Amino acid sequence: MMKRLLCVLLSTSVFSSPMLGYSAPKKDSSTGICLAASQSDRELSQEDLLKEVSRGFSKVAAQATPGVVYIENFPKTGSQAIASPGNKRGFQENPFDYFNDEFFNRFFGLPSHREQPRPQQRDAVRGTGFIVSEDGYVVTNHHVVEDAGKIHVTLHDGQKYTAKIIGLDPKTDLAVIKIQAKNLPFLTFGNSDQLQIGDWSIAIGNPFGLQATVTVGVISAKGRNQLHIVDFEDFIQTDAAINPGNSGGPLLNIDGQVIGVNTAIVSGSGGYIGIGFAIPSLMAKRVIDQLISDGQVTRGFLGVTLQPIDSELAACYKLEKVYGALITDVVKGSPAEKAGLRQEDVIVAYNGKEVESLSALRNAISLMMPGTRVVLKVVREGKFIEIPVTVTQIPAEDGVSALQKMGVRVQNLTPEICKKLGLASDTRGIFVVSVEAGSPAASAGVVPGQLILAVNRQRVSSVEELNQVLKNAKGENVLLMVSQGEVIRFVVLKSDE
């Protein structure tokens, strides 16, 4: 009975696809009436359909697996990571397990005022990648090859190569590396915008070092954001089994095309519970193409600080529904200021496309090339206004790079982070995401979870402002005013230059 029920369910959903060779019941040419098959014929047909879908998955696995590689990243000699301390601030256990990546674990495992991170030697980082050209370009996650000393790549046939880094983009957690080889099997990208909830999804990777593991699931959701994994989020959610070691591997459609790059999971134990996230192929390809051609990513810049719209704000600003993004600040001299955008404008559409979320708008602007003209539809004092803006290149992050050299990673403080930290939503400062053990920052006592309030005696409330201050401090020590809870202190980061 269970077998028959399974067959019926499958035959009324998946197997109506012409790709799988399903044919509807035949009609009598003289009467036009559908002729029902006997029960034995129906059962035989259903078994054939099950075999057909099995062959479909097998075909994808056979064709795609040779293009998937096993990556081992051996960090630089002496490189250390900060062990994640216990959760002491009343937070719920962080559900996002970033494939044993200390950077992400530290993001939520914040130390208490009295705790200092305990340095420990880093082990090799192991993950997955996939080949995108016959001459050896390989895509993976940034966190798989971060702080790389030596990168080993093992092909499906067992051949091993040493890889070099071509380009890194931590803002999307993507990276491109290259091996010296020719005539390699490679994967092609599909269109992630065409995905529908319930479509098949196939993940290939190396979970726990078990190479060439294939798992199958469906697309559970699209457009997942505000997960605080990376700066630019538009994740595909899938229930295809993804575990530590799958990071950087491909998520495929039933045609064997890459529709996403597997990046993170939700887990209370570190293992699979049915919720995984992949970077959509359209976003990934834009980044990957630039990394291959230029070694870096150029992003569009509007020059506004945004806040998500909730039901209360929607009512306050007289929106007909909950959508759009609220401008809380306009950067001086930015394209937004020059175009006439104001604080408290609500951006509800760009180039005629409705703004579903703050993240969707940020992603769209960032993917625009400098010089692109975009028409923004805003709500101002209850009225709709269209404002054309020409985006420019996002300002060089010299300041952030200088800070990273001193061992600190930062990001803008968002309302969501404020909520997790128990801070007021209008708190100003820059959030310390991670600190490299043994770095000048670690020696000075900077720890993840602190807020940077001022740099060289100048108040800062955004990464853009931090950049401006640090651009004028090249080669000099940096004085930071940092806070953690109610404790404020000053620390000096010593420059190596």
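One-based numbering along the chain as shown.
Backbone N, Cα and C atoms are what each Cβ position is placed from, and that goes for glycine too.
Quick look at what Swiss-Prot annotates:
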type	residues	note
SIGNAL	1-16	signal peptide
REGION	128-289	region 'Serine protease'
ACT_SITE	HIS143	active site, charge relay system
ACT_SITE	ASP173	active site, charge relay system
BINDING	GLY245, ASN246, SER247, LEU302, GLY303, VAL304, THR305, LEU306	substrate binding site
ACT_SITE	SER247	active site, charge relay system
DOMAIN	290-381	domain 'PDZ 1'
DOMAIN	394-485	domain 'PDZ 2'
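Between the alpha carbons (Cα) of THR305 (substrate binding site) and ASP173 (active site, charge relay system) lies a span of roughly 22 Å. Here the CA atom of GLY245 (substrate binding site) lies 15 Å from the CA atom of ASP173 (active site, charge relay system). Under the three-state DSSP scheme, THR305 (substrate binding site) falls in the strand class.
Helix, strand and coil counts under DSSP for the domain 'PDZ 1' (290-381) come to 25 helix, 28 strand, 39 coil. As a summary of secondary structure, the domain 'PDZ 2' (394-485) carries 29 helix, 25 strand, 38 coil according to DSSP.
In this structure, ASP173 (active site, charge relay system) belongs to neither helix nor strand by DSSP; it is coil. ASN246 (substrate binding site) sits 12 Å from HIS143 (active site, charge relay system), taking the Cα positions as reference. When Cβ atoms from all protein chains are considered, those within 10 Å of VAL304 (substrate binding site) total 26, not counting its own. The secondary structure of HIS143 (active site, charge relay system), as reduced to three states from DSSP, is helical. Here the CA atom of GLY303 (substrate binding site) lies 28 Å from the CA atom of HIS143 (active site, charge relay system). In this view, LEU302 (substrate binding site) is surrounded by 28 other Cβ atoms within 10 Å of its Cβ, with every protein chain counted. For LEU306 (substrate binding site), the same-chain residues that are 6 or more apart in sequence and have a Cβ closer than 8 Å to its Cβ are ALA325, LEU326, ILE327, THR328, ILE347, LEU358, LEU361, ARG362.
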